[in-house]
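A short worksheet on the structure shown next.
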Amino acid sequence: MSTAGPGKQFARHSSNFSKARPAPMPASPSRTSHSDRSIEDSNPLAIGDRPHTTRRARASSTASQPSARTPARSFYHRSFHEKLDPAQYSSSADLRDQTAELAAIAVSDNVSHLGSSPRSVSPTSDDGYPDAIEEVSEPVSPQAFEEEAVDDTVQSGLSLMIQNYTEQEEVQQSNGIQRISSEHPTSSSMAKSAVPDEQTALLGDRKTSGQYGQLGDVEGQISQRGGLRQKWRASVGRARSCCYVLSHPKTWNPRTIYREVVVHPVSLFPAVFLGLLLNILDALSYGMILFPLGNAIFDNLGSDGIAMFYVSTIISQVVFSSGGSVFKGGIGSEMIEVVPFFHKMAFTILHKVGEDNTKSVLATTILSFSISAILTGAVFFLMGACGLGSLIGFFPRHILIGCIGGVGWFLVATGVEVSARLPGNLEYSLDTLKQLVRADTILLWVIPLSLAIFLLVTQRFVKSNLLVGGYFLSVAAVFYFFKFALGISMGTLHSNGWVFDPPPAGNPWYHFYTLYDFKAVHWGALADTIPAMFALTFFGILHVPINVPALGISTGEDNLNVDRELIAHGVSNCLSGLFGSVQNYLVYTNSLLFMDSGGSDRLAGLMLAAGTFGILLAGPVVIGYIPIMVVGALIFLLGIELLEEALVGTWGKVHKLEYATIVIIVVTMGVWDFVIGILVGIVLAAVSFVVQTSRRTAIRATYSGQVAKSLVRRPPVQLKFLRETGQQIFLIKLAGFLFFGTIVGVENRIRALLADDAFSDRPLRFLVLDMGHINGIDFSAAEAFTRINRLLQKRDVMLIISGLDVDGEVGQALHNVGLFTEDSEVEIFADLNDALVHCENELLTALYRQQEHRRTKRAASHLDVPRNNRASQDLSQSYKAEFMGSSPRRNHLHQVAQSTLDEDTSSVPKWQSFKQPLPLLLQIFADVSDKNEDFWYRAMGYFDRRAYSQGSILFHIGDEADAFYMLEEGLLRADYDLPQGKFSELIVAGRPCGELPFFSHTTRTATTMAEKDCVTWLLDERRWREMQAQDPDVAQELLVISLKLTKERMDAITSYILTTAG
């Protein structure tokens, strides 16, 4: 007799049975070498307490295997230095064979199926256990353990019908497309056929242009090719048409010319005036402070800052209004957020070059401004061209809010600097405080601050678009009223800091271009500003994907495309940088006010650009007449509003950690540095994410094996046993992304299950981790599973993983850390049902070992036959090792197995002498009917025996139910294909099939095929009518039983579906 060699007989992940001699079931005694047996004997844990007896020796059981010792650290170096075999799923075919074998044992009381084939008892077996008891009767399926299951894909009639229907539908759809293309002529052909006929639509086609926002084929049913070419041709056609009209005066319509040239532009004047007022206020508020005016080198550049502001505004307005943006009334302007970064860049250059080289400082500073605009524009354009506009939505919003608050702090500080005429930056020191409270200084900044606060309060009660502009015009008017009333000269106002100093005489609006001198540029200082440039770019790109969608919602624009807006911003910023100006973007507030005032027209935007250019040409002379309190109040107003948005508007609306992050960013930007504030915000956002995510457990749900059950239709005795022993199975469903923060909660939960108190109350044998809802895993989490597996092995709990794609990202990550090596003994199943079937089969082997032990004792007490004393002794020792130990897990199995076999009424020995299908009827109906064999004897003649070979289809989904089946031998699989998903269940010997559709006269709900060679007993429609006529009481009892069986199956399926979805 051939014996197995030392070592493991099959890989834990593949479970491939040997074809030469079928291996025993995983929980049955298997053959090991004498050395392995000695190691197992030295293990204090009994054989039955281990789910697999072919385990490797524990590291703690012998000192002769240092390589198997549990490492001190959780990281396996060998996982990366040795080539790992690819992970494989546990064999589903072997799992089905094992399920069928267990069902055959339940059907036949006198047959032992614990072995795979009859073998003679040998006293010299190298495993110390007797071979399987020789079978008395014919085995259920002799080829079940010698042939591998063949996956014969049989296409159902319904699938063929659907496929044929789909093909016909595709042909009809393609024909329909041809009809559409023929029935919907081009614009040129439509122009020719102007006479309506029977084919003319009641609602004629709307004349639409090829511009953005055109709705064509909304559902995407007809693919349009050559879009760019068609748009180009349409644009060229419109240009030719326009040139033709302009070159042929006879085609001119005086009324149309008057309406389009006079009436329409005049109607846009109110909106244009409001837009000009907004641009002037913005230029005075943060255009003037583009350079740090508190420093002596930059104190005369206020007018240049305003001119650069106007240039940037005009360029952006022309780009947006010429079709770059989908918003016809969008207003472009300089970004207020650039001012703090420009000040940082200016001071960085000043410290690098020195105050004694004014020309180099100015040339380097203004060049850095324009280069940063080009860099921002290039990033905008690339993001839009690559379709990356949606990525900005993943950036934490509270960091942006914190940066906005930091800008607000900066504006308030700048307002104090500008109003109080402080030299340099505002320093938080006692000397600065003393200077601010001096008698000649305190009114300079208190009055603008009071004006800003008064306007903020007024805005809460007065809702008008003209409030802000009218307010500051009124302040300027009141200022000059007192100036003329008191007879104060302009020189006095200039010297005392009430009015801005006039720019040097003869400085035109283009004076800032004279500051460009590439020979005087300090390239080292320019390189030092690169970090600030990237920080400014990073901060700038966050606004467009946030403000543009908000403007689209406010204006009801449904054709918004963020990528298109990014491209438009890229063009406008690059042009602004090339023209020597600064960054710009689509301003949400100004655009909304402009469109609400009637400026939702591209002509209005172009008129606004022309008006702004006119103000630019007027020159900077007006600067010498602007009261400082007006500009200071504007700056205070903007700063307070931004601070209120960041600190007050988010109070109680965001998480406490997020609010703390906002406050820290604001303080860091205000006290230290803007770039450092952004970096601190990113770090805090990452820490906040880890902390908050760690609090949310990755455990989606947990179930005991008493709740989470497989879809196998098992005999009642097995179901009863599994209901009691299911607590030894524990299912944990994981979800989300597993990383070092969330895996801690999973590990702590498992450690709690393995604690002494919990383990004694709930002894576990199998831990199932369902990973079907995991979408990613990092190295720390993957490596933690190896540590979890070692903890389970110390308790002899088997780790089973289900719902894992071994070739996917998660599967490869777990494979790379060595979780699926042979000595890890981890089982992998493609779905949760297979994993539960495996665990249930392992538990059921203990039940039938108990049954075999009883049968052996019964035979030994009644028959005086020669027997091998060594084999009997080994069997007794095996039984005691399985059930008689002190382990809570073994005690529980022993008690449940004893009570289950004592209460089992479905395996009465006298039934075995009856002719089929009477024993089968009695076994199936034992728990759902109180009728005896005399009653069911009358039903025998109505059932016909029918055999099905492996792979045969009993019926398809949608077929008419023409029979009710009872399975005597073999294994069936029912496949359910529902709109919500697919699932399958196994039907083992001794269970019914197809009762509900048959008795209810409905169609089949599943496709059922023979997984193995099967023998069935069926009741067809003709026999059923005969039974109803001749034995109505039997027919009535069958109807009642069918309802009970259906209820049992619906409970099982509903429980599994809820478990899977939980």
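Glycine is treated like the rest: Cβ placed from N, Cα and C.
The compositional bias 'Low complexity' feature in TrEMBL is assigned to 18-32 (among others).
Residues annotated as compositional bias 'Low complexity' in TrEMBL: 59-72 (among others).
What TrEMBL lists as compositional bias 'Polar residues' is 111-125.
If you look up TrEMBL, you'll see 729-839 marked as domain 'STAS'. Residues in the domain 'STAS' (729-839) partition by DSSP class (helix H, G, I; strand E, B; coil) as 53 helix, 30 strand, 28 coil.
Annotation source TrEMBL lists domain 'Cyclic nucleotide-binding' at 948-1027.
The region 'Disordered' annotation in TrEMBL covers 1-75 (among others).
Summarising the annotation, TrEMBL assigns region 'Disordered' to 111-133 (among others).
As annotated by TrEMBL, transmembrane segment applies to 268-293 (among others).
Annotation source TrEMBL lists transmembrane segment at 305-327 (among others).
Annotation comment: TrEMBL describes 366-392 (among others) as transmembrane segment. Within its own chain, the transmembrane segment (366-392) is flanked in space by residues 290, 308, 312, 338, 341-342, 345, 349, 512, 515-516, 518, 521, 526, 529, 532-534, 536-537, 540-542, 544-546, 561-578, 580-583, which lie at least six positions past its ends and keep a Cβ under 8 Å from the stretch.
Per TrEMBL, transmembrane segment is recorded for 399-422 (among others). Long-range Cβ contacts of the transmembrane segment (399-422) within its own chain (Cβ-Cβ under 8 Å, at least 6 residues beyond either end) map to 286, 289, 293-294, 336-337, 339-340, 432, 435-436, 441, 444-445, 447-449, 452, 497, 539, 542, 546, 628-629, 631-632, 635-636, 638-647, 650, 661-670, 674, 677-678, 681-682, 684-685.
The feature transmembrane segment is assigned by TrEMBL to 442-458 (among others). Here the transmembrane segment (442-458) has long-range neighbours at 415-416, 419-421, 436, 467-468, 471, 475, 497-498, 628-637, 640-641, meaning same-chain residues at least 6 beyond its ends whose C-beta is under 8 angstroms from one of its own.
Residues or ranges marked as transmembrane segment in TrEMBL: 470-493 (among others).
If you look up TrEMBL, you'll see 606-639 (among others) marked as transmembrane segment.
According to TrEMBL, the transmembrane segment annotation covers 659-691 (among others). Same-chain residues lying 6+ beyond the ends of the transmembrane segment (659-691) with a Cβ under 8 Å from its Cβ atoms: 340-341, 344, 396, 398-399, 401-403, 405-410, 413, 428, 531-532, 535, 538-539, 643, 646-647, 650-651, 741.
Residues annotated as transmembrane segment in TrEMBL: 729-746 (among others).
With a cut-off of 8 Å on Cβ pairs spaced 6 or more residues apart, the transmembrane segment (268-293) and the transmembrane segment (606-639) reach 3 or more such pairs and are scored as touching. With a cut-off of 8 Å between Cβ atoms, the residues of this chain six or more beyond the transmembrane segment (470-493) that come close are 281, 451, 455, 458, 499, 624-627, 629-630, 633-634. Long-range contacts of the transmembrane segment (729-746) within the same chain: residues 690-691, 693-694, 696-705, 708, 753, 762, 764-778, 780-782, 784, 788, 832, 836, 839-840, 843, 1059, 1062, each at least 6 residues beyond the stretch ends and with a Cβ under 8 Å from a Cβ of the stretch. Only residues 6 or more beyond the boundaries of the transmembrane segment (606-639), in the same chain, are considered here, and those with a CB under 8 A from a CB of the stretch are 265, 268, 272, 275-276, 279-281, 284-286, 288-289, 302-304, 306-307, 310-311, 313-314, 317-318, 321-322, 331, 336, 407-415, 418-419, 421, 444-445, 447-449, 451-453, 455-456, 468, 472, 475-476, 479-480, 490, 494, 497-503, 507-509, 511, 594, 599. Across the domain 'Cyclic nucleotide-binding' (948-1027), DSSP helix (H, G, I), strand (E, B) and coil residues number 13 helix, 42 strand, 25 coil.
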